[in-house]
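Taken verbatim from TrEMBL:
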| type | residues | note |
| --- | --- | --- |
| COMPBIAS | 327-339 | compositional bias 'Polar residues' |
| DOMAIN | 38-285 | domain 'Rhodopsin' |
| REGION | 311-361 | region 'Disordered' |
| TRANSMEM | 20-38 | transmembrane segment |
| TRANSMEM | 50-69 | transmembrane segment |
| TRANSMEM | 105-125 | transmembrane segment |
| TRANSMEM | 137-166 | transmembrane segment |
| TRANSMEM | 186-209 | transmembrane segment |
| TRANSMEM | 221-243 | transmembrane segment |
| TRANSMEM | 263-289 | transmembrane segment |
Amino acid sequence: MGSLPEPPPGLDLDETKVPALVSGFVLTWVFGAVSICLRITSRRLVQNQLWWDDWLIVVSLLFSAGFMFDVTCYMTTRGGFGKHIWAAPLDGLEVYFHGLFIAEYLYTMSIVLVKWSILALYWRIFGSVHLTRLPICILFGIISAWGIAVILVSTFQCLPVSAFWLRFDPNGGSEMTYKCQVNVRMFFIANAIPNIITDILILLVPVPGIWSLQLRTAKKIAVLGIFALGLFVTAVSFVRLYYVVALDFSSIDVTWLFSEEMMWTGIEVNVGTVCACLPSLKPILYLAIYGRARHSTPRATGGSLSGIVTIGGSGDPRKHDRGVRLNTPNEGARSSTSIAHAPSNHQFHDGTHPFSALTDNESDSWQDLGIHDLEMDQIAKTGGGRRERM
């Protein structure tokens, strides 16, 4: 790499964005970590085991921690990230691009795992709803393909791979032979837009399942409102896209100009973690308000459910009772009707499937919204949302 051009006249080389960058990363990551701790505590309060959605969000937190340390420790202290390139160390550009290479992996894994966790949560709740089951599978495939594509492009945007950062080595980087054919600006935009689209699709996935439930309209809207909290991360994704589009990719002052975009990238991941955990925190809320993890509400006259689908439940296939016991209105307490197994082509909840159904002891999380009054049983074969009456 050749010597840097002279800085623009009047440029203050002492100004820094490091405090805002570090605080944006660290504070939102702490919020995400606390949300996960509360989520796990909520599951324990109602004596339910952790399931795929819980483990996926925990692993996501580890990747986001690596992302945070890469940016706030390595790139800022070693490469002068958050300062003007003329105030950065001599190898500032090399360190920046090396850190960016690492960050692309960590960010992609973090955000993909957050999305997977949300989809796993949807499957745990709405796995028996035909209108929701297929979109979950399709979105899982789309998100996985997007993540693989981003990682492949990040890896091979330069050949040899190490040329992505070594071309800026002040000790001979200009002499190495390499090929970098990826347009970084278009790559960043092509990364951000599908991310936003999948965020929006994830918000829409539970709508048919929720709307097909036997709830009053007001309660359906209340349940939808809980899932709509994911709009916060979508808003952050739009802010990040704004900074990506506004970037001047022709400027040499990348350590300064890219710091805001990087900060919002970290905030996006961590806000996504918080939003993914919010629907699972009902037991904590009840404990704070009522002094117990479950809020007792009157059952509907004429029947009750001993097995229901709720957010805080366990997905352990070994403990799953494939029949839901239901007292019918005509028989009252004298007898109960067991919802039979679905036909073989509908048996998604078996012990071999990674997304097994819920256990019978899962009467937590959403009792105040009336889900304990729902008949969360097999949807009609037509998939149109009509429930089979026993």
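Heads up, the Cβ atoms here are built off N, Cα and C, so glycines get one too.
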So, taking each listed stretch (20-38, 137-166, 221-243, 263-289) in turn and counting its Cβ pairs to the transmembrane segment (186-209) that are under 8 angstroms, which one gives the highest count?
221-243
For the domain 'Rhodopsin' (38-285), report the average pLDDT of the model, please.
88
